[in-house]
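Here is the structure we will look at, set down as structure tokens.
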């Protein structure tokens, strides 16, 4: 089943947004449950540390914590309301939690004499002995709201209970104990032990958490709806240029190269649009070139065929006799057609890149001399001179011998065809470190500089009538360009110092 890219992007953006919002919401919920309890525990720890420094004033080196053990109301008053009046029997203000003040410097808090305390009904007990104190009157309060006084007790240095909340007989999974040392003169004389919850729990917490979960679902729903709308808008916005590109691609496939893509956006879609527009111009140019090429080829073939037809029909009608002159004229036209067909075949193979080259190491000097020898009689017959300038030693290059020979043949044919007598043809072989330069130049007439860049175009002629007069097909230099490109080189045309045209070829030696 075909799924449009619009649908794929929309689903991807929507699902990603919903997952992110859902994950964030659950992380916030979990962080609230753990982080809030940690915050409460830290605040309680600060209070207990302050209480430990203040409660140390009740410690006696002689009696230890006896005053707090025998008078638990002192402990209770530490957690009482600061504005609550002291009991009538209290002889001196008892420091309250958070309001303890140490005695003046150099003084020690007076410790009541041992005999002033009423003995315990159970008799004297050692620290840590005896039953735990009974639960406080408000012990029925929900666990998550238990005040500090219901979860803290004082223990001596051996961690035996002295006063305060009853110690845990078994450790709870949802709570942990905070032990804060009480020090006098840098010596630990007791401990304040506080039971703290490690995680919020209880009926009220469960009710609050359910309310948060309900709010969470609403948040997820609203966020999902917002993500749906935003994703739909973004997908339409970002993929809108694709519709225009699709229209342009369809137009190009139908041969409409005048389609304008316009400026879609200033991003990758814009760059792609520019590339499509450039492709459209290139295809249009190739189409026009192909059409012109077909027109030119038809014209080139029409001329010799028309001459042959007229000659043959004249002989058939008895107007002319099959004389040797007529036969030679027809043979000349046939050979011209053959050369044109051969050139077209070679050009098509080199253009398409299917020509199989036989690359081997060869001496370019020997190849050049062989081609010159083939043209020597024709050059002399036309009243021209030919000269070769080359190094004294062999000049080796890797290449295809057949196509390089065709390269020289086409260049010499061009010079021989268009150089006026008396004239000169000069061939040069120049060695460089990594390159080899081949030059073929001739004497007048020259070619105007405005025509030089077009000489390697197919069927391009500076003077069409003059070119046909000398038998040129207009494909020779195009074939030369393809051969040079096949060998990884470059070719250019420029005026010659001899007064004519110079073709310079630069080839890579390896």
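All residue numbers here begin at 1 and follow the chain in the order shown.
Just so it is clear, glycine is given a Cβ too, placed from its N, Cα and C backbone atoms.
Straight from TrEMBL, the features:
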COMPBIAS  119-129  compositional bias 'Low complexity'
DOMAIN    236-288  domain 'HAMP'
DOMAIN    296-510  domain 'Histidine kinase'
REGION    80-144  region 'Disordered'
TRANSMEM  216-239  transmembrane segment
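Tertiary proximity for the transmembrane segment (216-239) is limited to same-chain residues at least six positions away from its ends with a CB under 8 Å from its CB atoms, namely 5-6, 9-10, 13-14, 17-18, 21-22, 25-26, 29. Secondary structure of the domain 'HAMP' (236-288), assigned with DSSP and counted as helix (H, G, I), strand (E, B) and coil, comes to 39 helix, 0 strand, 14 coil. Per-residue confidence over the domain 'Histidine kinase' (296-510) averages out at a pLDDT of 82.
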